[in-house]
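Engineer: One structure follows; several queries about it will come next.
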Amino acid sequence: MSAMRLLFSRDKVLVYLITLGFFLSQFYLWKSGLPQLAHIFIILSFLIFIFLNKKLKIAEAKILFFFVCYAFFVNIYYTFLIDDLSYIVSTVYWIFNLILFLILVSLGEVYVKKLFYYLKYIIPLSLIINIIIWAVGAGRYNFSPRYNGYFNDPNQMAFWVLCSCAIGLILFNNLKFKIIVYSLSFFLILLTMSRSATLGFLILTLGLIFQHKSRLDLKIIFSLISLLVAIVSFFILLKFGFLDSIVTRFSEGIQQNDDQVSSRGFDILINFPEYLLFGAGQGAYYLYSDTGNEIHSTWLGILFYYGVVGFFLFIYFLFKIFKKLDFAEKIIFLGPMFYGFFTYNARTLAFWFLVAIFLLYSKHREKS
């Protein structure tokens, strides 16, 4: 009996570590590209997973496994060809995120429920903490006047908020809690002044409406509460002097569409079409960009770095998850994915938590 109790407690520790990994993924102590506190907890969860002799459900990630293998060989090839170790860094991230995905999808049903239960507390708590941090004047403005909390840039924060909101919208059954998560997320995205995240958030809004399309009373309540949240946000941001900055930020985006193509690295695909079949590898960005920056798009980045071959594998992996979702869940899932057109976020923990949890939720719903 004591052995069983010990095993059970270790399983609980595994879920605690994963949940802590998600919570800490909003705190960047070092520059982007380096492991953060959250990565340490994910590594610990993997070690406990192995210690407990748990079996990884490779079948759930077979296509992703093929993609990571392909990315590995492409990056190793260019590491020796260009003599640049930055390709290895990208490869390590792909392997790490594959491990995270495998751990999540390999959890037993009991522990999936526990993970969902903890996330339903962690997500609104994290959103509230971020607002409190901003309200007391803490956090960072690395791209002032855009706020980025303890992330390294506002786009990271906006994507994390989008993913957290999307996860919250599918995990909560009660509309009241969904609206709380939705409202907190809306306010934080306004603070980041991310134009792309705002569009992604509109997609989440459509998904939330379709979740409750059969209830007219809920639609009316949601509309009234959304209006109230918008009005309250307006006056709070006006009081703190944020409103003018938000308006300026969005108006500049409309006027500078042509510059966006070059500054985000989208023109690299046009300038170097010879890499579009098998990929240019993910590293040594100075070879293709005067600024030495990566392509600011998940989808265009994967297409250029790993070619049509890698892009097809990655999209097919996501499509297999996407088709398991119901209509409203599909729309919610597309919110953060749409944001991926304008920032590169496939290496973030938030992205992989999002993808894995949507898959787990679809399976949990089928069993229920």
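Cβ coordinates come from backbone N, Cα and C, glycine included.
From TrEMBL, for reference:
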TRANSMEM  12-30  transmembrane segment
TRANSMEM  36-52  transmembrane segment
TRANSMEM  64-81  transmembrane segment
TRANSMEM  87-108  transmembrane segment
TRANSMEM  115-137  transmembrane segment
TRANSMEM  157-175  transmembrane segment
DOMAIN    183-315  domain 'O-antigen ligase-related'
TRANSMEM  187-209  transmembrane segment
TRANSMEM  221-247  transmembrane segment
TRANSMEM  299-319  transmembrane segment
TRANSMEM  331-361  transmembrane segment
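Give me the lay of the land around each of these features.
Structural biologist: Within its own chain, the transmembrane segment (12-30) has Cβ neighbours under 8 Å at 36-39, 41-42, 44-45, 48-49, 52, 100, 103-104, 107, 111, 114-115, 118-119, 122, 126, 130, 149-152, 156-157, 160, 348-350, 353, counting only residues six or more beyond its boundaries.
Same-chain residues lying 6 or more positions outside the transmembrane segment (36-52) and placing a CB less than 8 Å from one of its CB atoms are 7, 10-11, 13-14, 17-18, 20-25, 27-30, 96, 99-100, 103, 106, 349.
Same-chain neighbours of the transmembrane segment (87-108): 11, 14-15, 18, 21, 33, 39, 42, 45-46, 49, 54-58, 60-61, 64-65, 68, 71-72, 75-76, 78-79, 115, 281-284, 305, 346-347, 349, 351-353, 355-357, 359-360, counting only residues six or more beyond its ends whose CB sits under 8 Å from a CB of the stretch.
Beyond its flanks by at least six residues, the transmembrane segment (299-319) meets 61, 63-64, 66-67, 70-71, 74, 90, 265-266, 268-269, 272, 275-282, 337, 340-341, 344, 346, 355 of its own chain at Cβ-Cβ distances under 8 Å.
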Engineer: Is the transmembrane segment (64-81) in contact with the transmembrane segment (115-137), using at least 3 Cβ pairs under 8 Å (sequence separation of 6 or more) as the test?
Structural biologist: no
